[in-house]
Every structure is written in structure tokens, then in C-alpha cells.
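Trainee: Let me give you the structure first, and then I'll get to my questions.
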Amino acid sequence: MTATKQHKKVILVGDGAVGSSYAFALVTQNIAQELGIIDIFKEKTQGDAEDLSHALAFTSPKKIYAADYSDCHDADLVVLTAGAPQKPGETRLDLVEKNLRINKEVVTQIVASGFKGIFLVAANPVDVLTYSTWKFSGFPKERVIGSGTSLDSARFRQALAAKIGVDARSVHAYIMGEHGDSEFAVWSHANVAGVGLYDWLQANRDIDEQGLVDLFISVRDAAYSIINKKGATFYGIAVALARITKAILDDENAVLPLSVFQEGQYEGVEDCYIGQPAIVGAYGIVRPVNIPLNDAELQKMQASANQLKAIIDEAFAKEEFASAAKN
């Protein structure tokens, strides 16, 4: 996609709870001029396209339709939400093999269409499926992006903001690592309007050390809490995807926490996608933003990456996945 292109086209693959919520976010936030939706349940997809189109008189003109894979050929962005949902009691990593098969089938058909844009992956386990999208597509690593820890970081900022009594937009803090159980908070660089978090807390006494531990656990386990109550999470990730989409289509060079390919940014972390901040624009990842981690944080990053690598290596040792790899 050229940064000056006026007509911006998004194809969404997967019209489940996350996908349809994302489509709704694009419509209400006036993002993109064309939205095609692909799903195996074609009648439901046609219904969603019609329903979303009825909101356009309140927003802005947009072409919305039930698409097929041939429509990907001139898209700027393809967003992948298709996959088996996470069930109560199931971790994101439990989903690996069944969603890898779906991912392989979907990515192969998208590439066959002649697609030359950017992949944005949200299906879980997102770090593993972003890696597999890169492998199956043969695309440059900069043009394959995962939603990563974007939602986790938003949850973290919101939880901190609620505890200390400020707007979440004034809290600057990141969750890094796997989007899942091995993620970690980068406490060493968290700040409120430029004031280091620990300095802020020392001056204001809003929360003690155990309170911070409990806050992080609530952030890390938020998805499990929501899944147990309503069966799935979709609104938060949908808005996170819309934010990433806007940054790409508008060539914002925004810094967002995403699944980013690792090639030595952090010692001992290579050949995997994992959550870290990165600059993102019209051509995908411009460059990662390598927050200097303290020793404890680096160890957590390495442990998280090692867990992901073990799963990736096991999966791609199987002929059905290894034979489809192009990278």
C-alpha cells in the first residue's frame, strides 16, 4: 500500500464474535473505504454485511460485502480472526494444532489471490499463528503482524489508571511477551505523564507492592474471567484491531505493542513472533522499539519466547506444516 492511497481496502477473514465486532468498529470509527468479509458461513456473512451497511447513513460511505478469497488480490490489509475459539478452562496454546490447520488453508488461498498487502493476525494463539502466517505466506516479516499484547497493555493501563485515579490515556505501560500465560509487565518503564510509576506511587500511596502483583495477575487472567462469565472475549480485541488498522492505513508511524518478529532484539530471543512495542505504518512494521529491560524482565522475555519456540518447533516438525512453509 502506498502511504498516499485514498481508497483503502480491508478484507476480514473470520466473521465470528471477534471478526464481526471488528467490522462494527471499522464502520463506527470511519476506518477504510471498503470492507470485504470472508467466512465459511456465507449466509451469516451476507447478513452481517447488510446489517453493517445500514449504519452507513450515520457514519461515512463504505463498500461492505460478503467476499471470497479472490477479493484479497488488491486489498491493503487482510485481518485474520478465523479459528476455533478458546473454551472455558482452555489456554490459548491449547488451540495450536487445530488453528494451525485453519491458518494454513486460509493463508494459502489469500496468497494465491495475488495479495501483496499486510497481514494482521488476531486468531489465537496469536504469536504462534503470526509466525505460521509468515511461514506459509513467504511474506517479508515486516508485512506480517500480530495483535500481540495490544489488548493486554490496554488492560494494564486501564487497571493502573483506575487504581491511581487518572485517565488511562495518561498511563504509559506495556505488557510484553506471549499474549497469554507467560506475558509480563514492564514495571521498570511504566510511567504516569512522564513520572515513573514507582515514584508516583511513593508520592501518592495509591497501591502497595502486593497490590501491584494482584493487579498484574488480574490483567494476565482477564480473558479467563471473561470467558467463564460470557463464553468469549471480543469487544476489547476488536477495538485494538481497529486501532492497529488505522495506524497502518493512515501511515501513522504509531508505537503499538504487537507480535513482532524477533531476530536478536533481546538476548536469547530469536526466530519467533512475540509481543513488544513497534512503530507501525503503511508498509507494516517500520522497526521494533526495544525497551531496555532489567534482568528480571529479560529473563521473563526469554522464558516466554522459549515456550513459544518449543510449540513452534514441535508444530513445524510435522510434515503437513513443514511442507507448506515458504520462509
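Numbers run from 1 along the shown chain.
Heads up, the Cβ atoms here are built off N, Cα and C, so glycines get one too.
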Trainee: Taking VAL18, VAL27, VAL107, VAL166 as the options, which does Swiss-Prot list with ASP39, LYS44, TYR69, GLY83, ALA84, ALA122, ALA123, ASN124, SER147 at the NAD(+) site?
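Mentor: According to Swiss-Prot, the candidate sharing the NAD(+) site with ASP39, LYS44, TYR69, GLY83, ALA84, ALA122, ALA123, ASN124, SER147 is VAL18.
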Trainee: Using C-alpha atoms only, work out the spacing between HIS172 (beta-D-fructose 1,6-bisphosphate binding site) and GLY83 (NAD(+) binding site) and round it to an integer in Å.
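Mentor: If we compare the Cα positions of HIS172 (beta-D-fructose 1,6-bisphosphate binding site) and GLY83 (NAD(+) binding site), the gap is 32 Å.
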Trainee: Please work out which residue of LYS44, ARG157, HIS172, HIS179 has the most C-beta neighbours within 10 angstroms of its C-beta, and give that one of the recorded positions.
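Mentor: Going through LYS44, ARG157, HIS172, HIS179 one by one, the largest Cβ count within 10 Å is at HIS179.
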Trainee: Using C-alpha atoms, which one of the recorded positions VAL18, LYS44, HIS179, TYR224 comes nearest to ALA154 (substrate binding site)?
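Mentor: Checking each of VAL18, LYS44, HIS179, TYR224 against ALA154 (substrate binding site), the shortest Cα distance is to HIS179.
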Trainee: What are the sequence-distant neighbours of VAL18 (NAD(+) binding site), meaning same chain, six or more residues apart, C-beta distance under 8 angstroms?
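Mentor: Listed in sequence order: THR81, ALA122, ALA232, PHE234, ILE237, ALA238, LEU241.
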Trainee: Just give me the nearest neighbour of VAL126 (substrate binding site) among the recorded positions GLY83, HIS179, TYR224, Cα to Cα.
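Mentor: Nearest by Cα distance to VAL126 (substrate binding site): HIS179.
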